[in-house]
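So the structure is just underneath, and the comments pick up after that.
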Amino acid sequence: MAAARDAASACSADSFQLRHLHLALSAHFGSAGSGHLQGCVRLELTCLRDRASEVVLDSHPSVKVEGAGLAPPGSRCGEGQGPQPGALRPLAFQSRPFASYGSALHVTLPEPLTCGDTVVLEIAYRAGSGPGVCWLTPEQTAGKQKPYMYTQGQAVLNRSFFPCFDTPAVKSTYSALIKVPEGFTAVMSAVTREKQKDNTFYFKMPLPIPSYLVALVVGDIVSAEVGPRSHVWAEPCLIEAAKKEYDGVIEEFLSTGEKLFGPYVWERYDVLFMPPSFPFGGMENPCITFVTPCLLAGDRSLADVIIHEISHSWFGNLVTNAHWGEFWLNEGFTMYAQRRITKEIYGAAYTCLEAATGRALLRQHMDNTGEDHPLNKLRVKIEPGVDPEDTYNETPYEKGYCFVSYLAHLVGDQKKFDAFLQAYVNQFKFQSITADEALEFYLNYFPELKKKGVDTIPGFEFDRWLNTPGWPPYLPDLSPGEELMKPAENLAELWASPDCDMQAIRAVDISTWKTFQVVYFLDKILAKSPLPDGNIEKMSAMYSKISKARNAELRLRWCQILLKNNHEAEFGKVKDFLHSQGKQKYTLPIYRGMVSGSEAAQALAVETFSATAPQLHVNVQNYVKKILGAKS
């Protein structure tokens, strides 16, 4: 019944259980970054209440429904079968407005159903221009030769990919038949993938997942094996780099996760390197994580970024938030799991350093919004009509991490809390839950804590954690990170002082520092910028590891430092970085830095944007226009 409380969905999840979903689609590329999907979706439904007379699905104005019908009783959708249009009993349907991000498709049944009745509903449709289906021009890809198409379902975008029960409260198995043009390959978030004749691919996901995790890519892509249950996928021009970066790496992350949280149930764990215009860091689609090609640093220094996405295999994909107002259940637990895996592999000092950079992001976010902003609660009330997308911020990640850390702190024994996390996953796997259910399970699992009333300790009440905006009441101890933070802080001090002590600076060897330690150092340098005259030049010459880095996290910060110090001699590096990728998290801060910089920096912003706009995701284009417009 959790679905009934999802204000972001119009679907009739309270009246019908979705047992299986089947897509039969063909992909067609149009001109200049357009295209469409044509075909049908079949839904196997079981009625949950008497006198149900219609099925309501989440849809989108960009989805053109061409027909609806009931398949004959006992007919199965799935097993490699395409739609059989002749056998359908036509049904009346009507699309009605629902919210800015979608519509409601009402399908009238021929006669009211009784609880327990099963029906197979088929919707014929055409889609492609909606926000969940992205069509890239060849210029927006790495190879620059062929167009590319991908879907992005989270949070409520898959209703523009296919009419569905678009709420995380509903999970089902799915299968798909996808026909693609000659010379293209289809990949989906499914366990089984078979190439059939006529450029058609068959997919099967036998484990139940929510609609937002159904994902499709059609492009010129190839794969390479990097582990016993892992492949990397990428455009042909990137596949060697992807294989080199991830060969033998992923299995250690997976097996550490299994030791901590229980079996990895999704059979394969593949990584798909998206085209450079992909605006996100990663999307945890089951069996195949979509990631930015920025992770191909050339030296494996960002490989651990996918530990976050791997952690979603237990927290988010297996145990899922029942609605988007409880997003912290997906992300807070995943941040905790990510840092548990990191601690096992890289040790406490490195993990605390990484967590400190996360805490700084939370501080920055809360300073920007004001601590008492309603989005700075863990449990966000998403009012009808509010797009869950607009509630996205650092709070569910980092404040969520602090709350899970607080729950571990109350237990006081890491092994016992690890055992609880395994029990939690086992209890709620393949389900969607609310915070109340999670916390009730926690208190029942630790009866001695329940007896002590740990949920109502003044100042740390569970209710306060969930429902009061603001800074986390409890912060985990990050002091083990000091051994890595202190040297970075001291070195930044030396560079910032007017009488630059080069002897003391040369005595510090940063060649052994891991990425996050260098990042921490550069963040301190950026905060102290502009530095005394000539220091940036000296720094650039001394640390080629930084000034000539291929690592995107280092390039971002070096570009910001160059701009803040107006070091025009290296502005070419800023331009090169913006030409090489379109990730939102990297692109926007650099444009902000250019716009608030010197005239030369502002001119560079305008020039670079006019050259790179066509290769950026449309949302990122609009954000950059806003940044540039604020200046003009």
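Using the three backbone atoms N, Cα and C, a Cβ is placed for every residue, glycine included.
Here's what TrEMBL has on this protein:
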type: BINDING; residues: Gln152, Gly153, Gln154, Pro279, Phe280, Gly281, Gly282, Met283, Glu284, Lys583, Gln584, Lys585; note: peptide binding site
type: BINDING; residues: His308, His312, Glu331; note: Zn(2+) binding site
type: ACT_SITE; residues: Glu309; note: active site, proton acceptor
type: ACT_SITE; residues: Tyr397; note: active site, proton donor
type: DOMAIN; residues: 483-628; note: domain 'Peptidase M1 leukotriene A4 hydrolase/aminopeptidase C-terminal'
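The subset of binding-site residues (Gly282, His312, Glu331) lying with their Cα within 10 Å of the Cα of the residue listed as 'active site, proton donor' consists of Glu331, given in sequence order.
Straight-line distance linking the Cα atoms of Gly282 (peptide binding site) and His308 (Zn(2+) binding site), rounded to a whole number, equals 9 Å. Here Glu284 (peptide binding site) comes close to Leu213, Glu309, His312, Ser313, Gly316, Asn317: these same-chain residues lie at least six apart in sequence, with C-beta atoms under 8 angstroms from its C-beta. Each residue of the domain 'Peptidase M1 leukotriene A4 hydrolase/aminopeptidase C-terminal' (483-628) gets a DSSP state, and the totals for helix, strand and coil are 111 helix, 0 strand, 35 coil.
When the alpha carbons of Glu331 (Zn(2+) binding site) and Gln584 (peptide binding site) are compared, the span between them is 19 angstrom. Set side by side, the recorded positions Phe280, Tyr397 differ in how many other CB atoms lie within 10 angstroms of their CB, and the most is found at Tyr397. Once the Cα atoms of Gln152, Gly153, Gln154, Pro279, Phe280, Gly281, Gly282, Met283, Glu284, Lys583, Gln584, Lys585, the listed binders of peptide, are compared pairwise, the greatest separation found is 19 Å. Packing around Gln152 (peptide binding site) is summarised by its Cβ count: 22 other Cβ atoms lie within 10 angstroms of its Cβ, all protein chains included. Put simply, His308 (Zn(2+) binding site) is 16 Å from Gln154 (peptide binding site) when counted between their Cα atoms.
Per-residue confidence over the domain 'Peptidase M1 leukotriene A4 hydrolase/aminopeptidase C-terminal' (483-628) averages 95 (mean pLDDT, predicted model). All protein chains included, Glu331 (Zn(2+) binding site) registers 25 other Cβ atoms within 10 Å of its own Cβ. Just so you know, the Cβ of Gln154 (peptide binding site) picks up 24 other Cβ atoms within 10 Å once every protein chain is counted.
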